[in-house]
Structure formats: structure tokens, C-alpha cells
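Below is one structure, written out as C-alpha cells; comments come after it.
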Amino acid sequence: MNKKDVMIKEDSTKDIVKKIIKLAIPASLEMIFQNLLGLIDIVFISALGDDAMAGVSLVNQIITLLLLVFGTLGVGGSILIAQYYGKKDKDSIVTIVGQLFLFGLSVSAITIILLTLFQQRILTGIGVTKEVMGFAEIYFRIVIISMPVAVFINLLTSVLRAVGNTRTSMLSNVTSLAVNTVLNYVLIFGIGSLKGFGIAGAAYATLISRCVGFIILTTYLLFFNKEFDMKIKAFIQFNKEKFLHMCKLSIPVTVGEGVWAAGSFLYTLLHTRIGTTALVANQMLFSVEEIFIMFSFGLSVAGLTVVGQEIGRKNYDLMHLKAKIILKTGFVSSVIFGILFFITSFFLSLIYSHVAEASIQLAVIAIHINALFQPIKVTNLILGNGILKGGGDTSCVMIIDTIVVTIGVITAYILGYGFELGFLGVFFGKLIEEIIRFLFMMGRYKSDKWFKLLV
């Protein structure tokens, strides 16, 4: 690259930043609204008592982890769609979308059957106590009905993000949040002559709000989508070559997410065995932190999108420049929102007014410590979920995740039980996992071996 090209790219840096922010903000807001939806659920349900809150928390852990694992084929599809979009091959994009639909349909159908058949064993297996079981069973039976809708929402969102459209899925999530908030109040507590359904009302609200979001995304994709010409017949046409190509990228992501899901399950199991106080404290920490870290989530979406598109155009110099800008922007955002995350701890007792003081005190300590490590967590998010995957480096990300999750869980067990630190021991184990992940991710990024043309 000559000096003139360098000057052009330096002069266009401001434009690049604007485009990245334009991609990132809607995606971040979408995830914030999505996590707010979960937080609102927990806040409403906390009024029903700690046992109800613990039951919903455990069920949501299962549902969230399943959706993360099933959404991994969407990641493989996103990588290919981004590169095809950069290459301007829109017919291949339509074909990939069709394969994603067929995958989502088959996986969600099988999942509902298995979850229904083994509901009792699953809940018992994750350590649900007798006091919590009744609440967990009611919520579980209703929420699993929404699994196909939730899977399709994830896949459709990944498609739109890959072509640079992050606004539509954001608007869908905002609408779902509004519907869920109103229905939570009405269906849990009742209004006027309508009696509330308690914990079942929260589950119905989640089901209905997800259906609303799905209708919005599907309608846009079929009738208002300008990025590519989606055809209904593509939803029933199987393309073996494209499907296998997508699977080749997705399998490492699936394994990596599976390892992460197993790690999260084991962390939850450790908290469950410590007691309800630890479990509730962890749920509060997770719910609040996710909101603030998700302000930076859009940068990982931007990373996957712009890296994939520039590789499709074979413009590797611009790809490097955009990746660096995204990482720098992520550092700034993590510092700002890390400070706000810290400040939020002082209002925790107001947000969770019905939660025991012991749980709140543990959550406050964890928030204070976690706030300091937001730059590390955000960098891991941008590299692991965005830039490296956008370059097609899914196998290396899988290996890194497997190593660090194993180290983290073992450390959490040793500190939590061996040193009898309880909740804080498990918390420090998870923190050590993030630090080691950061070292591996940055090492891979600086090696320049993480990107390749796939289409």
C-alpha cells in the first residue's frame, strides 16, 4: 500500500467511525432491550418471593443456554452472508437464509419434544429444590412453547446484521419489550376484574412478546427488505453444498458455545449448592451487568459484519483499519459504562426491594469488582464474538473457549469449596477465566493468522 492510499484511509477514519457507530448503536440497544426484558421479568417476579425468583432464574438459564447453542449455525451463516454481501452475490445470501430456516425448524421441533419429555429430570438435574420446583415447573412448561419463535428470531437477526441492517431487529426488540412489560404487570398481578396468573403470567407475557417480535422480523424480511430479494420458495429448498459449508464454520462455534454453556451451567450449579442467597445474588449481578456490557455489544456485531464484508471485497488493509478502530472504541465505551455499572450498585436495594439483604450485599461486592474489569470483558466480546469470527477463525476461538472455561470452573470450585469462599470464590473463578481469555484472544489477533476468504 503506497503513501497515497495510507492518507486516504487516514482521512476517511472519521467516516469509518461514523459507519461503525451506525451499525453498533442499534445492535447494542437491541441487546440492552433484550436484557431489560429479562430484568423486568425478574423485578416483577421478585415480588412473588425468593423461591419464585430462583425458579425463573434457573429455567431462564436453561433456555438462554439452549438458544445460544442453537444460534451458532446462525453465526456460520452470518460469516458467509457478510462475505457474500461484500462480494455482491445476493443469490447465495438467499440460499443461506433458506438453509438457516430449515435448520431452525428441525432443531426447535426436536428441542420442544425433548424438553417436554424430560422436564422433571432436567429441573432436578440442575439442583432445583422442593421449595422452588413448583414455580420452576409452571414457568418451564409455558416458556418452552416459545422456543421455535426464539430460535427463528435469533437466526433472522443474524441475517440482517450480516448485511449491515441492525435497525430492524432493534425495533422488533423495542416493541417486544413494550408488550412484555405491559403484559407482565397485567398477567402476573391482574388488573381490574382480571385476576393475575402469578408466575404463569410472566411466562405467557414472554411467549406473546416473542411472537410479536417474530412477526415483525418475518414481515420485514419478506416484504420490505431491500438488501436482497428474499423468495418464499428458498425456505423449503435444501442446498447440500451451502449447508455443509455453513456447518463447517458453525461446528467449532457450536462446540465453543456448548463448552461455554456447560461452564455457565456448572457455575450455576455451584451457586445452587451454596444456597438460594448465592443464586439470587448471581442472578442480580448477571442481570445488571449484562445491561451495561451490552452497550458495547454492538461493536462485536460491527466487527463481524465489516470484517466479513471487507474480506469479501478482498480489501484487507481497510479490514485491519476497521478492526483497530472497533477495538479502540470498545475500550472507551467499556470505561464509561463500567463507571455507570459501579454507580448502579448503590441503587440495587431499590431495584430489588423484595430481595433478602444478604443477597444484595454479595451482589454489590461483585459489581464493584466486576466494574474494574469491564475493558477486558468488552475486548473479549468484540474479538471472540466479532472480529475473529468475522475472519472465519471459528476453530481457534473454540479452542480458546474450551481451555479458559475449564480453568475457570476448576478454579471456581477450588476457591468456592476448597477455600470455603462460597459465592465470592465462584465469582473469582469466573473472573480469572475472563483474564486468561483476554491474553489468548489478543495473542491470536496480533498474530494476523485469523482471517481468510471463504466465498
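Cβ from N, Cα, C; glycine included.
Taken verbatim from TrEMBL:
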- 20-46: transmembrane segment (TRANSMEM)
- 58-81: transmembrane segment (TRANSMEM)
- 93-118: transmembrane segment (TRANSMEM)
- 138-159: transmembrane segment (TRANSMEM)
- 171-191: transmembrane segment (TRANSMEM)
- 197-223: transmembrane segment (TRANSMEM)
- 249-270: transmembrane segment (TRANSMEM)
- 290-308: transmembrane segment (TRANSMEM)
- 329-352: transmembrane segment (TRANSMEM)
- 396-415: transmembrane segment (TRANSMEM)
- 421-440: transmembrane segment (TRANSMEM)
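Below 8 A, the CB atoms of the transmembrane segment (329-352) and the transmembrane segment (171-191) form no more than two pairs separated by six or more positions in the chain, fewer than 3 in all. Across the candidate stretches 20-46, 93-118, 249-270, 290-308, the maximum count of CB pairs under 8 A to the transmembrane segment (58-81) is reached by 249-270. Of the candidate ranges 93-118, 138-159, 171-191, 396-415, 421-440, 171-191 has the most C-beta pairs within less than 8 angstroms of the transmembrane segment (20-46). Cβ atoms under 8 Å from those of the transmembrane segment (249-270) belong to residues 58, 61, 65-66, 68-69, 71-73, 75-77, 79-80, 126-127, 279, 282, 389, 392, 394-395, 397-398, 401-402, 405-406, 408-409, 412-413, 416-417, 426, 429-430, 433, 454 of the same chain, restricted to positions at least 6 beyond its ends. Panel annotation: around the transmembrane segment (290-308), residues 19-20, 23-32, 34-36, 38-39, 78-79, 81-83, 85-86, 161-164, 166, 319, 322-323, 326, 329-330, 333-334, 337-338, 340-341, 344, 374, 377-378, 381-387, 389-391, 451 of the same chain, lying at least six beyond its termini, place a Cβ under 8 Å from a Cβ of the stretch. Ranking 93-118, 171-191, 421-440 by CB pairs under 8 A with the transmembrane segment (138-159) puts 93-118 at the top. Sequence-distant contacts of the transmembrane segment (396-415), counting only residues of its own chain at least 6 positions beyond either end whose CB sits under 8 Å from a CB of the stretch, comprise 252-253, 255-257, 259-260, 262-263, 266-267, 270, 384, 388-389, 421, 424-430, 432-434, 436-437, 440-441, 444, 450.
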